[in-house]
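Encoded as structure tokens, the structure appears first; notes follow it.
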Amino acid sequence: MNYIPTQTFYGRRWRPRPAFRPWRVPMQPAPPMVIPELQTPIVQAQQMQQLISAVSALTTKQNGKAPKKPKKKPQKAKAKKNEQQKKNENKKPPPKQKNLAKKKKPGKRERMCMKIENDCIFEVKLDGKVTGYACLVGDKVMKPAHVKGVIDNPDLAKLTYKKSSKYDLECAQIPVHMKSDASKYTHEKPEGHYNWHHGAVQYSGGRFTIPTGAGKPGDSGRPIFDNKGRVVAIVLGGANEGARTALSVVTWTKDMVTRYTPEGTEEWSAALMMCVLANVTFPCSEPACAPCCYEKQPEQTLRMLEDNVDRPGYYDLLEATMTCNNSARHRRSVTEHFNVYKATKPYLAYCADCGDGQFCYSPVAIEKIRDEASDGMIKIQVAAQIGINKRGTHEHNKIRYIVGHYMKEANRDSLQVHTSGVCAIRGTMGHFIVAYCPPGDELKVQFQDAESHTQACKVQYKHDPAPVGREKFTVRPHFGIEVPCTTYQLTTAPTEEEIDMHTPPDIPDITLLSQQSGDVKITAGGKTIRYNCTCGSGNVGTTSSDKTINSCKIAQCHAAVTNHDKWQYTSSFVPRADQLPRKGKVHVPFPLTNSTCRVPLARAPGVTYGKRELTVKLHPDHPTLLTYRSLGADPRPYEEWIDRYVERTIPVTEDGIEYRWGNNPPVRLWAQLTTEGKPHGWPHEIILYYYGLYPAATIAAVSAAGLAVVLSLLASCYMFATARRKCLTPYALTPGAVVPVTLGVLCCAPRAHAASFAESMAYLWDENQTLFWLELATPLAAIIILVCCLKNLLCCCQPLSFLVLVSLGTPVVKSYEHTATIPNVVGFPYKAHIERNGFSPMTLQLEVLGTSLEPTLNLEYITCEYKTVVPPPYIKCCGASECRSMERPDYQCQVYTGVYPFMWGGAYCFCDTENTQLSEAYVDRSDVCKHDHAAAYKAHTAAMKATIRISYGNLNQTTTAFVNGEHTVTVGGSRFTFGPISTAWTPFDNKIVVYKNDVYNQDFPPYGSGQPGRFGDVQSRTVESKDLYANTALKLSRPSSGTVHVPYTQTPSGFKYWIKERGTSLNDKAPFGCVIKTNPVRAENCAVGNIPVSMDIPDSAFTRVIDAPAVTNLECQVAVCTHSSDFGGIATLTFKTDKPGKCAVHSHSNVATIQEAAVDIKTDGKITLHFSTASASPAFMVSVCSAKTTCMAACEPPKDHIVPYGASHNNQVFPDMSGTAMTWVQRVAGGLGGLTLAAVAALILVTCVTMRR
């Protein structure tokens, strides 16, 4: 069975049925076996009569002069009405209609959906109860599979349905005669609001959500419509997420059915809940009348509730017994949430400090203080009940409390809560108070009782709320931003949280006994008294009237008031009545919910940009967090809380930095290669230029060059001196010898002893012609050698442009080579020039727009704050008790003998030393765990997904692909395969912890091995699973003498300790600029590695040569060039062309990156290109269509030290040499080389001459 409906012509939506014509038979109930055509004259007569009556009434109304009087509204004539309906018009409507008239008028969206639903949905009933709905969509009828029952339509009920457990649907073909009632459907779901039976449905991020309370069990199967009346989804259930509920739905995409099930989803089938009474089952919402009402039979009703406390329908039974299941009496209002409190009562409990440093039994004893809300609100539980008067009914400005055995009330206005100052009370209900309090080390609750006495209780409690966001503010700002937080929702409606109530114990009261002439009189005073006297026999029992015990003393009697027709909270300061406790449950108001909190925005810092550094001037109004990190391989994270004016200098590199001040968004900046001097000036300017860029390398290079010059000069001078000495030594040793003219000139010999040049040459011609020719050729040889050396030096230095030799870029894609390697850097454009025979060259541009590295996670457990559950102690008077086994986490049980507890009315037991107390305690998840918990995962192989923009020809399209070397995407007819990435790197360790939106690399303990006070002391698979493990070092202690309580010691929560000491999250210290996100856990835009690409581009993507412009005489002239800046170069290309058109433009060198991929060729023969380079003297080849030319430029350094964008070119890994610098180097090297060569030649020549002698 295909679960995608077929769109057909019969999809008429939210239009009323067409009016019946007189010549057609109305669809009305008719006796069987009646031919419709025979009724046509009767129907025509009826409708004609209706028309005449309506016209007459309208005419009378228009012509009447008398004032208007109240009249019954004329009902619209409908073809469906028959004679039987007309007879019943004047009858008195039944009471049910009267009640329905009081219902709230549905809103516009509800009315719209009711019109649509009128035809296309049908109730599903089980035993006469509606459990859900079936919907007609397209050509199919669909019903949720979990909804039990039969469709309330005979034609649909007999169909054969095919069930799908994957989609939780049952589906069948619609009968032909019902196709006109079906609804259209659509797979188009733009984000916004949609409609359903209970109002608006918000669709955002692929999730349908509604306000909590708008949907309930029984709504399963209801459709969600768009504004055109088309079905976009079918509701299956919902997951309570606090203020909103996420819907579980079945919906459609373009070609398939999908099911979305949020975590914690509950199916919304209205299953019939059954309860039990004396082994007889009955519907929980309809209890048997023995008992069925608390007001009639309170004690029996409480016992029945206690028997069913663990059944799913307990709260239905509780509501039915509190309202007595009488719809005439039960009115829905805000006071209905207080109905359950008439079955409960406040109590007196032990308080160690009643405000004056002394203990007492306080009516406002503090039971618990909860501070899970991140906005600083606390919830306090006390013994008194607020918002209820002494009669047990709701009264907002009253406080109900206990004095002795009697109920009293006081004004709520006198209620106060203190820490270091007065707290602001935000809400009260029952035993609970929610308030905002200033930080402090203690908490006190007090009120003025009916006698104007102060009733108070004070406990030690350290209140120091953690800041919301990154600023520690004390006053909520008028302006700021909204950040996620948790708070106690100010609602008294029933919630998922609950507290246990139990039957109170017998309260001892020595004032009930009085001594009268050797007898003891028990004064009942309208109460039931349980007494026990040891004087005589048979003086044990209960009485509701005054009773006298003869021949007895007060010391020999014990009396206690017994009352089991009300519950009270299961306080650990009040003993329980039975060893096996009988309990009930009531909802807790003010649930913890996810919300948003307005936090301030710190003043924008004053920013001063320097050379590779950033100075920020910070003016905090309150302690504010400053953090920054590098975006390179070494993040070097830094954080500091700042509470006064300071200046901080942040180093900025070419890799970039990210800093964040307070709650302001993070700022990313990159350094540019700015410097002083000029790369194309005089030597001192060039040296200053390079010293600003590479100070160490410049110092080393200049020092080496200077040393080379000095050594070259010294060597040349030494060689010249040696040659002169060798030249003149023979003549100096020979008496009367004359130095030849040539040697005299070369060796600077005195002329007085030398012959003339002609004489010397004549002498050599006569005596040694070989030496004559050597003497003549020596200067010429020296000149030739020098010229050759200079020529070779120039030829060697000419190609030593370091920018061409070194680059981080990737090789250019050649013709027919459909592979490339693109850098995994977001926003960095990669271009390839592709040539193909018979086609004009094409430029392919690939740009990574975003990457996502998502690891495979295995949830080990979740951990959160725990709560210690301490049941009321069981005190066995004059006897012994034993511990029982209980499957509870960290369960502890101890029996203490020889206790003698007291309550406010006297000793709880009659015996002195034979009494025992059974104390119990165990650990459970705190109620805040649903909102505040950490998840421990094991991370495995990460899968990388990239979003890449592909541009070639006229195509510019974005695609998303897995970078694994296997996933292939098709873009414009071309096939691309990306990956695998060159570097198998991930920022996640093998073990990670996810807390809210932060991720931490942490080696957590395995499941079942948690240690007290450490991360993982409480572990469970989910926030609701039953496999809770706890190790909190819980130990019970012996109770103090005379006091009813359960003392214990325990290690503080390891989760709360971890929250304070968890350190910097991976979000703030991930290398390579990774952005860490959750849901799911992933690292986005990590700039590491390269992505190989395989391409298969068809010929249709190219332009044929005959269709492309023919470009000739291409020349390049660079007008402006700023290196190391984002497209800071402008080049003008001139050319000749035969026709206008479009040509691909590409740089064949990695020295420069051209911004344009294609240009429009015009007949004027001139185009302008923008390029980016890191070279001071770039020389790169540019091609336009099939023509090529070389662009050469002299670039200046950028003026801005720091910019908010990264470079769009390949950076240099070796100091670059400008053309001017190379010219100066060549000149210096040529001069020194020539001098050195001359010295070498002279030395060689003189040596040769002297050796021949």
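Quick reminder: no glycine exception, Cβ is built from N, Cα and C everywhere.
Annotation comment: Swiss-Prot describes 43-77 as region 'Host transcription inhibition'. Summarising the annotation, Swiss-Prot assigns region 'Disordered' to 58-109. Taken from Swiss-Prot, the feature compositional bias 'Basic residues' covers 66-79, 93-108. The compositional bias 'Basic and acidic residues' annotation in Swiss-Prot covers 80-92. Here Swiss-Prot flags Cys275-Cys284, Cys351-Cys457, Cys354-Cys360, Cys423-Cys437, Cys485-Cys597, Cys533-Cys557, Cys535-Cys552, Cys727-Cys748, Cys877-Cys909, Cys1074-Cys1086, Cys1121-Cys1195, Cys1143-Cys1185 (among others) as disulfide bond, drawing on similarity to another entry. Positions annotated as N-linked glycosylation site by Swiss-Prot: Asn279, Asn532, Asn594, Asn956, Asn1085. The topological domain 'Extracellular' annotation in Swiss-Prot covers 333-694, 755-769, 814-1227 and is backed by sequence analysis. For 358-361, 516-519, 548-554, the entry in Swiss-Prot reads region 'Interaction with host Mxra8 receptor', with the evidence type similarity to another entry. Annotation comment: Swiss-Prot describes 716-754, 1249-1253 as topological domain 'Cytoplasmic'.
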Counts by DSSP class (helix H/G/I, strand E/B, coil) across the region 'Interaction with host Mxra8 receptor' (548-554): 1 helix, 2 strand, 4 coil
Minimum Cα separation from Cys557 (disulfide bond), reported as the residue among disulfide-bonded residues Cys437, Cys485, Cys727, Cys877 that achieves it: Cys877
Shortest C-alpha distance to Asn594 (N-linked glycosylation site) - which of the disulfide-bonded residues Cys423, Cys909, Cys1143: Cys423
Residue numbers, six or more beyond the limits of the region 'Interaction with host Mxra8 receptor' (358-361), whose CB comes under 8 Å of its CB atoms: 348-352, 903-904
Disulfide-bonded residues clustered about Cys354 (disulfide bond) [Cα within 10 Å; pool: Cys457, Cys877, Cys1185]: Cys457
Residues from the same chain, set at least six apart from the ends of the region 'Interaction with host Mxra8 receptor' (516-519), whose C-beta lies under 8 A from its own: 548-552
Shortest C-alpha distance to Cys909 (disulfide bond) - which of the disulfide-bonded residues Cys284, Cys423, Cys552: Cys552
Helix, strand and coil counts within the region 'Interaction with host Mxra8 receptor' (358-361) (DSSP): 0 helix, 2 strand, 2 coil
For Cys437 (disulfide bond), the one of Cys275, Asn279, Cys597, Cys877, Cys1121 that lies nearest, given that the recorded positions are compared by Cα: Cys597
Candidate with sparsest Cβ neighbourhood (10 Å radius) among Cys437, Cys535, Cys552, Cys597, the listed disulfide-bonded residues: Cys535
Disulfide-bonded residues clustered about Cys552 (disulfide bond) [Cα within 10 Å; pool: Cys360, Cys457, Cys533, Cys597]: Cys533
Composition by DSSP (helix, strand, coil) of residues within the region 'Interaction with host Mxra8 receptor' (516-519): 0 helix, 2 strand, 2 coil
Cys727 (disulfide bond): tally of other CB atoms within 10 A of its CB: 25
Collapsed DSSP category at Asn279 (N-linked glycosylation site): coil
